[in-house]
Every structure is written in C-alpha cells, then in structure tokens.
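*Asks:* For LEU32, SER33, GLY34, GLY35, LEU36, ASP37, SER38, VAL39, THR40, CYS41, LEU42, the entry in Swiss-Prot reads ATP binding site. For CYS223, CYS233, CYS236, CYS239, the entry in Swiss-Prot reads Zn(2+) binding site.
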Amino acid sequence: MTNTALPTSSADQENDTQLNELHKSQNAVVLLSGGLDSVTCLYWAKARYASVTAVSFDYGQRHNSELVAAKAIAETAGVNHRIIDIDIAQLGGSSLTDHSMIVPDGDTDKFPDKKRDEIDNDAIPNTYVPARNTIFLSYALAVAEVTDSNHIVIGVSSVDYSGYPDCRPEYIAAFQHMANLATKAGVTGHHLSIQTPLQQLSKAKTIELGLSLGVDYGQTISCYQADANGLACGVCDSCALRRQGFAQAGVADPTHYQS
C-alpha cells in the first residue's frame, strides 16, 4: 500500500512553527561515534536546538580511529564534547571488542526485503555489542539531566543497518518510556525524548541530508576495523553499507580505504 501525504493545514503549519521555536530554546545530547550516521545527527541537532553536547565512548572498541574522528568532528561543529570511559570489552561477546573474533565481511544483499523485525538470532552478526545502545543511552540520559537537555539524539536506522535489535523503533520507544519513569527530569514534568532522525532513512538519504546540513563526510570513519591511520578496511558490513550509500546517492565517497 502506498502512503499518500495529506495536505498540511494552516493549523498544522502553526503548530510546527511553535514546536520549532520551542526546540530552539532547548538543549540536546547527541551520541557521536565518529561515523557517518552520528555526524549527520550532530548537524541535524545543531540546526534545531539551542545547545548541543556530543557524547562519545572509549569502551574498548577494536580501534580508536573513530574517537580521533569524533574529536575532530565536534571541534569542527563547535559543540561541547564529552568522552566517557567504560570498559565493555571485559564482557566480551562481540568482534568489535574481542580481538580473537573475526569481523565478518559485509553483505548488503542479505536482507533484500528490509523486514528487519523478522530477523532471527542467527542473522545478527557478531559485530553486535551486547546491550551497547542501552549502555550508551543510559550514560547519555545522565548527561542530559546534568546539562538540562530535553532531547537525546541517536543515529539508529531500520533501513540500511546490520540487524541489531537495539536499533528498532520499539526499542527506542521503550527506552524513552523508561527514561521518563526513572529520572528526576521525567518525574518533575521535564519530558525527555529520544530523537531518531535517521530511523526511516536509507544510507543514501542520510548522506543527502547530511550534505544539505554542511557535513564533511571526509572526517568520518564508519569501519569496524580501521587501521591505526584511520584507513577503512572496505569489506566489513559498515564499509559495505557506506559504499552502497554513496553510490546510491550519486556522491563521491571521500573515505580512504586500505585497498
């Protein structure tokens, strides 16, 4: 079934204008990994909110090139940047934190129908880090409280992604519900929202959005196993999705690959 957009009424336009003005007086926290999706979210938030704090994590990931990228991106964007140290690597269970595990090559055709709600456990790649988004969002929630922020922005998508369960809309809705039950801000009437501007966007559409906002994708690193110089492997799932996105957007890929 094709969805047809309804005409926008003057009342709807007025409500949108009022909402935009409200957002311009509010603050936001953005999860910034240093990758394509998160930097798009950072610039999206900058265009909407009064103040933005970027939060990155040194969690024992396979390489620190993405953190180097995140620092440079935050500096270019002119936003406050916090890097939080947490050692998820000690838990294991992911090729992104356990060097004894092999990062699988990417395959952008593995889910051609995009019905990600039907993905079973066998289809979730070993690059999934157990409970990572829950851990990251929990820290971001704490930062939101201490920075008087009403919004947390995260670059999850249900379209071009690797099949991780904590990227789905129902997960985000559940976390937002929990956030407003479990925080001082939530119970005192200062509603906290989890914003997912990329949720229904393909990688190509995400790139188009970012370029319209002034993003320099040459600063970003998406690779799961970039080398010490920040060169991407070109074959992991994240690299495959990135390559496909730039190709579909008809935009030159500024990524520096190992081969």
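Cβ atoms here come from the backbone N, Cα and C positions, even for glycine.
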*Asks:* Among the binding-site residues listed here (LEU32, LEU36, SER38, LEU42), which has the Cα closest to the Cα of CYS239 (Zn(2+) binding site)?
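*Replies:* Nearest by Cα distance to CYS239 (Zn(2+) binding site): LEU36.
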*Asks:* Tell me the Cα distance separating CYS223 (Zn(2+) binding site) from SER38 (ATP binding site), rounded to the nearest angstrom.
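*Replies:* That separation, Cα to Cα, works out to 13 Å.
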*Asks:* Would you pick out, from the binding-site residues LEU32, CYS236, the residue whose Cβ has the largest number of other Cβ atoms within 10 Å?
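*Replies:* Highest number of other Cβ atoms within 10 Å: LEU32.
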*Asks:* To test your reading of the Zn(2+) site: which residues beyond CYS223, CYS233, CYS236, CYS239, same chain only, put their Cβ within 8 Å of the Cβ centroid of those residues?
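*Replies:* Those within range, site residues removed, are VAL103, GLY106, SER222, TYR224, GLN225, ALA226, ALA232, GLY234, VAL235, ASP237, SER238, ALA240.
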*Asks:* When a 10 Å sphere is centred on the Cβ of CYS223 (Zn(2+) binding site), how many other Cβ atoms does it contain?
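*Replies:* Cβ-Cβ neighbours of CYS223 (Zn(2+) binding site) within 10 Å number 28.
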*Asks:* With the ATP site defined by LEU32, SER33, GLY34, GLY35, LEU36, ASP37, SER38, VAL39, THR40, CYS41, LEU42, which remaining residues of that chain have Cβ atoms positioned within 8 Å of the Cβ centroid?
*Replies:* LEU31, ALA70, ILE73, GLY155, THR220
*Asks:* Do me a favour and check the Cα-Cα span between LEU36 (ATP binding site) and CYS233 (Zn(2+) binding site); whole Å is fine.
*Replies:* 15
*Asks:* Per 10 Å Cβ neighbour count, which of the binding-site residues LEU36, LEU42, CYS233, CYS239 ranks highest?
*Replies:* LEU42
*Asks:* Find the one among the binding-site residues CYS223, CYS233, CYS236 whose C-alpha lies closest to that of LEU42 (ATP binding site).
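*Replies:* So, spelling it out, the nearest of the binding-site residues is CYS223.
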